[in-house]
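Chemist: Pasting the feature list from TrEMBL:
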type     : residues  : note
DOMAIN   : A:20-438  : domain 'DUF112'
TRANSMEM : A:7-29    : transmembrane segment
TRANSMEM : A:35-53   : transmembrane segment
TRANSMEM : A:108-132 : transmembrane segment
TRANSMEM : A:144-162 : transmembrane segment
TRANSMEM : A:169-188 : transmembrane segment
TRANSMEM : A:200-220 : transmembrane segment
TRANSMEM : A:253-279 : transmembrane segment
TRANSMEM : A:315-342 : transmembrane segment
TRANSMEM : A:354-380 : transmembrane segment
TRANSMEM : A:386-404 : transmembrane segment
TRANSMEM : A:469-489 : transmembrane segment
Amino acid sequence: MELFHNLALGFSTASSLANLFFCLIGVLLGTLIGVLPGIGATATIAMLLPITFQLEPVSSLIMLAGIYYGAQYGGSTTAILINMPGESSSAVTAIDGYQMARKGRAGAALAIAALGSFFAGTVSTFLVAVFAPPLTKIALEFGAAEYFSLMVVGLVSSIALASGSIVKALAMVVLGLLLGLVGTDIYSGAPRFTLGIREYADGLNFVAVAVGVFGIAEILRNLEGEKNRTVLITKVTGLLPTRDDFRKMFAPVVRGTIIGSALGILPGGGAILAAFASYTVEKRVSKTPQEFGHGAIAGVAGPESANNAGAQTSFIPLLTLGIPANPVMALMVGAMIIQGIVPGPNVATEQPALFWGIIASMWIGNLMLVVLNLPLIGLWVKLLTIPYYVLFPIIMAFCSIGVYSVNSNVYDLYAVAFFGFLGYALVKLRCEPAPLLLGFVLGPLLEENLRRAMILSRGDPSTFVTRPISATLLAIALVVLVVVLLPSIRAKREEVFQDEE
Amino acid sequence: MKSITIDKTNALCGAIFVLFGIFFALQSLDLTIGTAFRMGPGYFPLVLAGVLILLGVIIIVQAFRSLHEGVGPIAWRGLLFILPSAIFFGMTVRGLGFVPALFATAFIASFASSRMTPLMAALLSAGLTVFSVAVFSYGLGLPFRSFGPWLGF
C-alpha cells in the first residue's frame, strides 16, 4: 500500500499547475529536438540547462526528463517520414517505418509508434515505481568499496554496449576518467592537470565537455556532406490504425517493453541497444520474416516500445544510486547538483515529493505526448523542411549561452572548442564518445571512493573482494568483460552494430 | 612476400591515447603519489595514465594487422568556423557584452556551411540575437550585460 501512497504523493506533486506546464514545455521541446535530425537529446539538455536554473528543483528535473523522452517520440517521426533517425535510438524504426510511409501508411506508422511508446512508457514508469524503493534500501547499505565496485560495473557495461572496438572503448573510459580528475584534489587541495589555469581549479565544466563532445562534434559531422532532405509526405492522413494493425502490434509492443525495460537499466546507452535487440527478436519470432524491411508493423511497434521503455528505466540507477546510466542521465546528475541535491539513495527518503514527482511526471509526460503529438504531426512535418544550414548557427549560439551561463566562466567556452575538436577527431577515428563522458562523470566519484575504501581497510586492497556485495559486483563486471571479449560473442556483437551503420 | 599494411586511422587513434597518457603521467609525477593506504593526489591518475598508454599501444599494434579503412570526408570548413565561434564568444562576452558577442558568434558559425549567404547569415544572427535577449535576459533574468565596457558602456 506504501506504493499507492507514494504514487499519490507523486501525482499530486506532478499535477500542480506549474509542474504540468514545465512537463508540457519539456515534452514539446524534446519532440522538437527529436524531430530535427542532427541534434541529440544530450546536446539539447546541455543547452537548456540554464533555463532550469531559476526553477524549483522538481520543476526543472521534470522538464529535463520531458525533453529526454519527448526526444524519443520525435525521433521516430523523422525516422518514418524521411528515413533518417532524428535520434540514434530510432535508427531501427527508419527501416520499416519509412517503407510503411512509402506505401501510404505514414499515418498508421506514426500512430503505432506513438501508441507502442505510450504503452511501454506506462509499464516502465510503473516498474520504476516498484523497483526504485527496494533498490534505494540496498543502496543505503553501500560503503565506499561497494560504490567503487558498482561504478566499475557501470563503466564496463558502457564498454560492452558501445559499438566498435572494445579496446578503444576501454581507452575512451580511461581518458574520460582522467579528464574527470582535472581540478583541485579533494583531500590535499593540490591543483591537478590545470596547466596553471586558475579557471579550471573546480574541474572541467561537465556541460562544456558534453556540449563539445556531443553537440559540436555532431554539427561537424553533419557538415561533412551536406545533403538535401526530402520530405516524403507533406500531409499525413489516416492516423488511426486498423483493427488488423492493432492485432499485429500487440505482441511486439509487449515484447519490446520487456526487452527495453531490462536493457534500459544497464549503463551505456540502453535505449539504443534495446531498439536493435527488439528488432532482431521480432524478426526471429515473426511468422512472416520476409516482411521485415518492407514495412512490417512489428518492425515499428517493437523497437519503438523498446527504446521508450529503455529511456524510462534508465532513471532507475540515477534515482536509486545516483549513478548515471547514459550521458543524458549524467546531465541530470549535473542538474541535480546545480539545484543543491546530491543524487543517491538519500533522495527518496529526504525528498519524497521530488523523487515520486519525477516518476509520476514521466507517465503524465507520456500521456501528453500521445494526446498532443498526433494532432500536431503537421507542424512537425513542416519543421523537417527547415534546412540544416539555418539550424546549426542557432544551435551554436544556444550552446554558447548555455555553457557560459552555468558558471559565467569564459574558459568553459574554450573547453567547448577543445572538446568539440577532440570529440570530432575521436569520432573520425571510430571511437564512441559515450564511454568517455560516462568516465568523465564517474572519475572523481571513483577516485574518492577508492581512496576512502583504501583508508578504511588500512591499505588492504582485498577489501573489494572480501565484502560480499562488492565482490559480487566485481564478479559481474568481470563476467561482462570476459563475455564481450569471447570470440563468438564478439562476432555476434559486431553483427548487431553492423546494422546500425 | 606479404607487405605490411597499417590501418592509419587506428594507428593515429592509438597514438592520441598514448600522448594523452604520457601527458597525464608526467603531470601526475609532479604530484604526491603516496601509498596504497594513503593515496596522494597523483596515485590514481598515474595508474590510469599507465593503463591509457598500454591501451594506446595495443591499438597501435592491432593497427598493423587489421584492414585499412579510410576516415571519410573531414569537415574542414566546419572546423574552421564552428570552433572559433565558441572561442570568440568566450573572449568577447564580457568585453563587448552579450548582444554583440552573440551576434558575432552566430554570424561566424553561419559560414561553416557553403550554402549560407552573407545576407542570410546577418538576418539569421540578428533574429537570433533579438530572440535570445528576449528569452535569456528578460524572460529568464540571466545576469548578462547587453553591451560591455569595450563599447564604452
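Just so it is clear, glycine is given a Cβ too, placed from its N, Cα and C backbone atoms.
What TrEMBL says about a protein is an automatic prediction, not a curated fact.
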Chemist: Select the range from A:7-29, A:144-162, A:315-342, A:386-404, A:469-489 that forms the most Cβ-Cβ pairs under 8 Å with the transmembrane segment (A:200-220).
Modeler: A:386-404
Chemist: Sequence-remote contacts (6 or more beyond its ends) of the transmembrane segment (A:7-29), Cβ cut-off under 8 Å?
Modeler: 44, 48, 55-56, 58-60, 62-67, 69-70, 73, 129, 352-361, 364-365, 368-369, 372
Chemist: Give me the stretch from A:108-132, A:315-342, A:354-380, A:386-404 with the greatest number of Cβ pairs under 8 Å to the transmembrane segment (A:144-162).
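Modeler: Selected stretch: A:315-342, with the most Cβ pairs under 8 Å.
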Chemist: What parts of the chain pack near the transmembrane segment (A:469-489), using Cβ distances under 8 Å and only residues at least 6 beyond its ends?
Modeler: 141-142, 145-146, 148-150, 152-153, 156-157, 159-160, 166, 463
Chemist: Of the listed stretches A:108-132, A:169-188, A:315-342, A:386-404, which one has the most C-beta pairs under 8 A with the transmembrane segment (A:354-380)?
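Modeler: Between the stretches A:108-132, A:169-188, A:315-342, A:386-404, A:108-132 has the largest tally.
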Chemist: Could you give the mean pLDDT over the domain 'DUF112' (A:20-438), rounded to a whole number?
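Modeler: Summarising the domain 'DUF112' (A:20-438) by its mean pLDDT gives 81.
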